[in-house]
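Q: Here it is, the structure in full.
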């Protein structure tokens, strides 16, 4: 979760301006504190975040194996290669699919569970813990566990198939099915996090509005559709944002599950970057993927801010 | 559905519906984890016939062999060192920078804050190749620092934001009183701000610890000798080596995620609050 809310990032620009105008007391020793406190963060951030990003843009115009200096300028050739590459187009499509599933399956599931667990019934805490558990596990561990579950010879799928007397499916080896298997694991791993966001959102709701709706004779569904859901707006936007950002950088989980295969059918942008850019040291091509990912992230952040965050 | 005291009015039917739904979902979460842990106690043949149930014969040796070897402990140690360094650096560097943004007025303060917030917009993966070349040229390849420094750098945007928001909400009177008494910024930071900021320090520490403990792509690219691999890399190597001997792989997975699960259940309130508040509060 290093990458979080760019939307709030933009929101804070205005916030910062307000602070500057606020009159705050000044103490002596302003210069020493600036000289001591700012440079560590500034240097680290510049050297390891901003400069590499700039360099990615620069390298993406070269054909380069990473040694010496990039000299073979190829213009936009790397991007042409990229968008002509079937595996990369699959990766783009998969990233899009992951976003769609996150939005249409994972978030509704999370809301449904949050609504149930907002009830004061016995065992609420235990269920919350269980549902949140996959989120704290490493993606790699989750991927390996599911690699076993899907295993056609030893795993749970094999057992279930054997029990039903049907032929064992090798889901992860099937180029049409593998991506759906991956999607299931993504939902399994992350729904608990979104559920927690919604539980927090529900708990901060003004109960009197719901009581008023109830007195007016609203049914359960009406209360949810016209009162709860609109009031959960900001939580929903946050949840959508995390789902989208998380989907775009999916990598750790794919590697133990399929490594991008079979036949590149489960590549995402980042696994493509790794498999084609890093392992083959095609710095130019890999950097071009980075640039495409960067452009997508920034575009999404800004348009998201424009479309959804107007009210906040 | 969300009203308080609904348990009183809830009908038996609703209750059954709730518990059945919740139990089914919980089973989907728990069954793979339990099968993994139990699978580690089985023989390969047993696993093949009976992946769900209890082991026919408990093979403790699968686990003890790993626990008595040094491979497992070395990986855990490496992960712990990397995560501790990451947390320590992130908290101190981000808190200092955030303090200047929250309390010191200076020219370009807004601009600099927004500069850090750019970091929230894209993941480390976008710049992974130039990052690799930078770390290589700095001679940090295959060292802990080669992983720690980029991790800290990419965590800074979020951490600075969290710290700054918290610092600014501390009561204004404190500053006035302290500054009238002639307290300088540094002493104020050390003696007033930090002691009052324990909750947010905990949040930032938890977020960066969990991120570092589970991190895979940065170590994968920066490290190349197994002796300093953190566990997510080690577990992949182990799986590569033992291929289809699933019972050993399952035992290894279980042991590597065990610390996470134990700590999670012990400190669940803080961890859930930290990980979700980290998201919400920014």
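Quick reminder: no glycine exception, Cβ is built from N, Cα and C everywhere.
Quick caveat, the model's predicted, so the values are computed rather than measured.
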Q: Write down the single range among A:70-91, A:224-245 that appears in TrEMBL as transmembrane segment.
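A: TrEMBL lists transmembrane segment for residues A:224-245.
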Q: When TrEMBL marks a stretch as transmembrane segment, which of A:5-28, A:125-148 is it?
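A: Of the candidate stretches, TrEMBL labels A:125-148 as transmembrane segment.
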Q: In TrEMBL, which of the ranges A:179-204, A:257-282 has the transmembrane segment annotation?
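A: Range annotated as transmembrane segment by TrEMBL: A:179-204.
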Q: Can you dig out which of the ranges A:31-51, A:157-177 TrEMBL describes as transmembrane segment?
A: A:31-51
Q: Tell me, please, if the transmembrane segment (A:96-118) and the transmembrane segment (A:224-245) are in contact, taking contact as 3+ Cβ pairs under 8 Å between residues separated by 6 or more positions?
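A: When sequence-distant Cβ pairs are counted, the transmembrane segment (A:224-245) touches the transmembrane segment (A:96-118), since at least 3 lie under 8 Å.
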Q: Who are the long-range neighbours of the transmembrane segment (A:31-51) in its own chain, taking Cβ under 8 Å and residues 6 or more past its ends?
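A: For the transmembrane segment (A:31-51), the list is empty: none.
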